[in-house]
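Peer 1: Dropping a structure here in structure tokens format, bear with me for questions.
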């Protein structure tokens, strides 16, 4: 079953993060710790942002982002942890399809959500008197649903295209989860057309929201510079800096992974980038937003004080 059309394949084999046996247990405990921090940190953000004092669109979007981060890590990490302790690294054909669909859906949705968060900051800084009217609960929910629908369209198209390729190479996937670049390397047909399509999709999913984010922050910075008080300028910019940090992390890792989809020389580097994207960034998000946001820190301290 290692050769022939992809319809003959019943399962794939994931190579994992490393083939060195002495590293398996160290990787297991490290990734398990990071995953636990991801769950605890993002669940804490979800709990904190429902506090009455944080009943604002900014924190509603942050709560949705935390849920997406939990989902992204959960789609990838548990299977990876099992593979690190087990000799059986197989994943069923349907499991691979499902994992790819979920990863692409969550990644695309997060990008559109980050654009929505940038728009929220733009309205808050540039039109503060109309902020409540523009960013009402209906508008916020609509932006989240639009992000999810856009992510779903991207995911359906990308997953369908990948699994219509003739996968007649070895069924071993040189990766730790089912993703587009390692899967198209199994194809026995010319994938140059698909690679061009993937680059176009990457531009659509990453650079279109990024351009909207960049435009929003150009207007935001222009407005901040017009504020006479240095303290007010610092306070206004500090509410935006966390979001900019997260955007930079996602943009750097996402573009490096998907803009060279069939590059064999950078496969190990892509594994590291994918690990950062799927496990490290979801862990950092709660830290970035809590440590750099005074209101979140205050509520977090109060919540922890009550629990203790």
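The backbone N, Cα and C atoms fix where each Cβ goes, glycine too.
Any TrEMBL annotation is an automated prediction that lacks curation.
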Peer 1: Need the matching range: TrEMBL marks transmembrane segment on one of 3-21, 60-78, and I'd like to know which.
Peer 2: 60-78
Peer 1: TrEMBL lists transmembrane segment for one of the ranges 172-198, 199-225; which is that range?
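Peer 2: In TrEMBL, the transmembrane segment feature sits at 199-225.
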Peer 1: Let me spell it out: take the transmembrane segment (98-119), skip the flanking residues so only those 6+ beyond its ends count, and list any with a Cβ under 8 Å from a Cβ in it.
Peer 2: 58, 61-62, 64-65, 68-69, 71-72, 75-76, 79, 91, 143-144, 146-148, 150-152, 154-156, 158-159, 162, 177-180, 183, 205-206, 209-210, 212-213, 216-217, 243, 246-247, 250, 254, 277-278
Peer 1: For the transmembrane segment (26-48) against the transmembrane segment (237-260), do we get 3 or more Cβ-Cβ pairs below 8 Å once near-sequence pairs (under 6 apart) are dropped?
Peer 2: no
Peer 1: Could you pull out which residues elsewhere in the chain have a CB under 8 Å from any CB of the transmembrane segment (272-291), counting only those six or more residues past its ends?
Peer 2: 17, 31, 34-35, 37-38, 41-42, 44-45, 48, 62, 65-66, 69-70, 72-73, 75-77, 103, 107, 175-177, 179, 242, 245-246, 249-250, 253-254, 256-257, 297, 300
